[in-house]
Amino acid sequence: MVMMAATLSTALDVHHLSIPQSDNKRPIFFTKTIKQNPRRKFTIFCKSPSKPPQNPKESPKKTPSLSEQLQPLSTTTLPKKDQAPLLSKPKSTWVNPSKPKRTVLSLQRQRRSPYAYNPKVRELKLFAKKLNECENSEDAFLKVLEEIPQEPTRENALLILNSLKPWQKAHLFFNWIKTKNLFPVDTIFYNVTMKSLRFGRQFDLIEELANEMVSNEIPLDNITYSTIITCAKRCNLFDKAVEWFEMMYKTGLMPDEVTYSGILDVYAKLGKVEEVLSLYERGVASGWKPDPIAFSVLAKMFGEAGDYDGIRYVLEEMKSLGVQPNLVVYNTLLEAMGRAGKPGLARSLFEELLECGLTPNEKTLTCLAKIYGKARWAKDALLLWEEMKSKNWPLDFILYNTLLSMCADIGLVEEAEQLFMDMKKSEHCRPDSWSYTAMLNIYGSGGNVIKAMELFEEMSELGIAFNVMGSTCLIQGLGKARRIDDLVRVFSVSVEQGIKPDDRLCGCLLFVMSLCESKEDIDKVLTCLQQANPQLVAFVKLIENEESSLGTVEEEFKSIMINTEDDARRPFCNCLIDICRNKNLHDRAHDLLYLGTLYGLYPGLHNKTENEWSLNVRSLSIGAAQTALEEWMGTLAKIVKREEALPELFSAQTGAGTHKFSQGLCNSFASHLEKLAAPFRQSEEKAGCFVATREDLVLWLSRVA
């Protein structure tokens, strides 16, 4: 049973991801900036320029210093040294001694909007509500506009425009205001309309308004450009976002935090890593202090690339600039650590999150559970689960299913059963199709087909949909238990429910076929496989015919692999080799191994150094690993016969297997070596590694030749 579990795990291993390593030679673009001055408690009101420079050749205006901002106040409020004294004594101000003195003296209060004192504001708001509630048609909207209670002024029109929620009505009202031509329509009207259109993801209309502003020489301010760029990003029009950002820079406007964070995300989604780093450096050098959102964008970009060095740079930059990560940034960093394959660093980051006093949310815990499950860290996964229960951290539907999948990855049966029972008792997180699938995976991998079939019957009674993954998990468990009749029934129910068998399910049927001993059982499985993939059944019959030439087999093999998903091609080849070996078709098994190697299904199978030659069979099934060993020994025998130079050491790598249901390859390989009387011995230093010296191997090959 252990051997079969290993074969199953290897045959159906379709989740191998190659994580690209970061380039250590990549230049570091992060630059540290001088610490910002501490925030002073002054209330300063400065008028912004009415029209930013539109000439691309003009350089952006330098931000005035604090002394320059205070200078107008000192010249207008405080008397000069040679100025005559005030003619009248200012009125005294009564100060309550029982209350603390104000820390800031506001010399000039900001004027409120004129319509705040308008006694008819309530009437205008009621009219705006009426516009929001009218039908979504132009005729109905214009008919209601005829009932406007006041003559539209700039302030009244702006109030109504701000109150309109549907973007269609905001756009209609804005066009209506322009046709009336009662007052100049300036930048703020365009900005308010564009923000409404951004909610509706109407980038074409926004760009049309922006071009209209340029044609009418209406200045585009920072808010205008930020709205255009963020809307383009939401609509996945990244090229447009870059185009308007570059246009903004040419006009001399300095981007703010929102614009910088948004355009960084755009460059990151375009995969332009160097441009992101260059833009980051340019912004920091100009005095911009990145916010947590910007660092979240950088961390996500490096995480998707699996670049751990980049993630580390982000952490160092945040510390150097004194930016405290919030929960969103921590969640992004955790996801990045998971993609980079750094579970230990993810655990340290989670502990840092707790030390900062933050409470993890459902997304945080879901991400960490996925990382522990993928890394097969059973101990840490259990500690996380206990901590979640003791601290009553939030659990949602996705987190429950993630924890169940984690238990399936690690083989935690009792913990999964407890989670499943908790979901059944919960009012808001009842088990769904994916929850049952995780439990079917656990029972199927563990060989507990009785409980697996009970779950299958329970799903039928409750009317819970059966998905292709659940069908695959149950079929593989039934196949291992040799319950072929139940397997056929499950497959039939799956097809009746509209499930389309995928390549993973076909690979599972191939694996079950390699386990069958009687012709009756093989025919039953072939009948199911015929419904799922007729071309695969025809190829099985082709390779069973010993008269089929290698050229014909290669042509059909290539056709099948082209029509198969990338992550299922190697499992297909593994199962086909196992089928040939079980039928004593060893020559055909060697042909398939040759074809699999020829078409790149077994990269890294052989490795040569000056002192050691090795065979890596981690990604092979038991039958394929035995075939690869025999092929290797045959090649070495020819080299010995030709008296060519050989290294001092030979090794075969099978891996130890971290899953308790998938540890059979090492034991089966050891049994096969013992059967051949090969001089390979289990390494004491490394589990799943078999070594042999040159002298012993040459002596053995000379005897068996």
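Every residue, even glycine, has its Cβ placed from backbone N, Cα and C.
Among the features that TrEMBL reports, compositional bias 'Polar residues' is placed at 62-78.
Secondary structure of the domain 'Smr' (615-698) per DSSP (helix as H, G, I; strand as E, B; remaining residues coil): 38 helix, 14 strand, 32 coil. The domain 'Smr' annotation in TrEMBL covers 615-698.
Sequence annotations record features per position, and here TrEMBL assigns region 'Disordered' to 45-109.
Annotation comment: TrEMBL describes 221-255 (among others) as repeat 'PPR'.
For 256-290 (among others), the entry in TrEMBL reads repeat 'PPR'.
Residues or ranges marked as repeat 'PPR' by TrEMBL: 291-325 (among others). Averaged across the repeat 'PPR' (291-325), the predicted model reaches a pLDDT of 81.
Counted with DSSP, the repeat 'PPR' (326-360) comes out as 26 helix, 0 strand, 9 coil. Per TrEMBL, repeat 'PPR' is recorded for 326-360 (among others).
Annotation comment: TrEMBL describes 361-395 (among others) as repeat 'PPR'. Below 8 angstroms of C-beta separation, residues 327, 330-331, 334-335, 337-338, 341, 343, 346-347, 350, 353, 402-403, 405-412, 415, 429, 658-659 of the same chain, each at least six residues beyond the ends of the repeat 'PPR' (361-395), sit close to that stretch.
Long-range neighbours of the repeat 'PPR' (396-430) within the same chain, counting only residues 6 or more positions beyond its ends whose Cβ lies under 8 Å from a Cβ of the stretch, are 362, 365-366, 369-370, 372-374, 376-378, 381-382, 385, 438-439, 441-443, 445-446, 448, 659-661. What TrEMBL records for 396-430 (among others) is repeat 'PPR'.
Taken from TrEMBL, the feature repeat 'PPR' covers 432-466 (among others). Remote same-chain partners of the repeat 'PPR' (432-466), defined as residues 6 or more beyond its termini with a Cβ less than 8 Å from a stretch Cβ, comprise 1, 5, 8, 397, 400-401, 404-405, 407-408, 411, 413, 416-417, 420, 423, 473-474, 476-478, 480-481, 483, 486, 490, 493-494, 497, 499, 661.
What TrEMBL lists as repeat 'PPR' is 467-501 (among others).
Note on the repeat 'PPR' (432-466): DSSP counts are 28 helix, 0 strand, 7 coil.
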